[in-house]
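The structure under discussion appears below in the form of structure tokens.
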């Protein structure tokens, strides 16, 4: 008699699978353990929750292997759909929702330079290095498409781990640059990877390169526009229909569903869902969030952060357990020396590829910047280089997409997957654990007090630009009228401040009256806001 015949319920029915229940129980128990351990290690500067989850996943995967006596388990199988459709969207959306917009857009041109041109430089260096070195190691069966795909795969930084090792309050400038670059970098890497899959390598010319650049620019602008459009639509609907007078739950539900819908629409239209949901989060935090009731604001802020936190922890648990999927290691048939040589080569190329664009681009920007506060000093460049070395679930997902298909059952394809996993584990554990102490030793020990990004105070130089634009009466005499600087002159001399100033004027005059935002406070008698309004009117 089988063991299932002793159970009061039939667990092998079509709608309830025993292995699924076991997998969910394991993962939820591990999530609880990660939260508890993360709380206990909160003050530890060497550990963070991503490293804790990764190590816990490795331990759990080892236990599963021991229980199954070395046999592989579907509990450890990596699913691209689970990662890209369910785990990544809440993380990227919350990052856009919580990001300090003023500092992010102040550094937007710098972020684009690092995220786009830097990724392309890293892609070229890694691809060329792999093509040249792998043949000397003995890995000779990979095609040109595989080498280019490896360049795109290894160029994708781990923006999830960056969120945990950098602090938005302690190092706001580095956080905005490195995290913003990470979001654009992921999108660029995925675009490069998809472009490699569609290129005809028998007929490559200058027109092909132009088509590749045009495709990337199209995806960049259309993905961003879609995210902004969905965010504005949610703000307009909630402001116009005002769900809060009947149910605050509807406000919260609509924000979640429309944010997720933006990601799905982007993927349906073959756009970058990462960029779309990121900018949707920014727009929702600027307009939609201010249109809901006070209770909904508190709910959405904590709910989005909680969903992001759970998804982040789940990803690292997932990667840790998948690393011990024994079938992949058996299929590679590579010796320990070969595996170590391939993994070391990949990580060394990641080091060189990132250094090849971080330091040159930063120094070029320093030559262009006039203000000392806007320059990226060498210590900051070192942190930017080191913090961007971590590779994560995006890298593993792209590696599976390239080398784990049923038609690619070869030892060297399996070797590429296992080597990618080794790079991800090493970079996350080593680089992730060292980043916080490195920041404290290099930057925070002698740091000066910083003004919060939430304040609207501008520097004296910014104030001077605004006075120039409106005509400063103190600079005029009794006989000559004040000279009014042209908008073009201001844009050339102070682009960031001028664009921000005119955007604020446009936002106050046109956008907020239509889409709401700060200053629009719905009247609900049952809320504290409504009570305050009633008392003031009395």
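Cβ from N, Cα, C; glycine included.
TrEMBL labels come from automatic prediction, so no person has curated them.
Pulled from TrEMBL:
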type     : residues : note
DOMAIN   : 38-440   : domain 'Cation/H+ exchanger transmembrane'
TRANSMEM : 20-41    : transmembrane segment
TRANSMEM : 53-71    : transmembrane segment
TRANSMEM : 83-99    : transmembrane segment
TRANSMEM : 111-134  : transmembrane segment
TRANSMEM : 216-238  : transmembrane segment
TRANSMEM : 250-266  : transmembrane segment
TRANSMEM : 302-321  : transmembrane segment
TRANSMEM : 341-362  : transmembrane segment
TRANSMEM : 383-403  : transmembrane segment
TRANSMEM : 415-439  : transmembrane segment
Top Cβ-contact partner of the transmembrane segment (53-71) among 216-238, 250-266, 341-362, 383-403, 415-439 (pairs under 8 Å): 415-439
Of the listed stretches (20-41, 83-99, 250-266, 383-403), which one yields the highest count of Cβ-Cβ distances below 8 Å with the transmembrane segment (415-439)? 383-403
Distant-in-sequence neighbours of the transmembrane segment (20-41), which means Cβ under 8 A and at least six residues beyond its ends: 11, 47-49, 52-53, 56-57, 60, 64, 74-75, 310, 313-314, 317-318
Long-range environment of the transmembrane segment (341-362) - Cβ separation under 8 angstroms, sequence gap at least 6: 113-114, 117-118, 121-123, 125-126, 129-130, 133-134, 137, 139, 150, 154-155, 334, 376, 380-381, 384-385, 388-389, 391, 415-416, 419-420, 422-423, 426-427
Lying 6 or more residues past either end of the transmembrane segment (250-266) yet within Cβ distance under 8 Å of it, the residues of that chain are 85, 89, 93, 223, 226-227, 230-231, 233-234, 237-238, 243-244, 272-273, 275-277, 280-281, 284, 288-289, 292-293, 296, 299-300, 303
Intrachain residues whose Cβ lies under 8 Å of the transmembrane segment (83-99), provided they are six or more past its termini: 159-160, 163, 168, 176, 179-180, 183, 259-260, 263-264, 267, 273-274, 277-282, 284-285, 289, 304-305, 307-308, 311-312, 314-315, 318, 393-394, 397
Six or more residues out from either end of the transmembrane segment (383-403), which same-chain residues have a Cβ under 8 Å from its Cβ atoms? 78, 80, 83-84, 87-88, 114, 146, 149-150, 152-154, 156-162, 165-166, 171, 174, 177-178, 181-182, 185-186, 189-190, 193, 315-316, 318-319, 322, 350-351, 354-355, 358-359, 362, 376, 413-414, 416-417, 420-421, 423-424, 427-428, 431-432, 434-435, 438-439, 442-443
Beyond a gap of at least 6 residues from its ends, the CB atoms lying under 8 Å from the transmembrane segment (302-321) belong to 27, 30-31, 34-35, 49-51, 53-61, 64, 75-76, 78, 82-83, 86-88, 90-91, 93-95, 97-98, 160, 163-164, 252, 256, 392-393, 396, 421, 424-425, 428
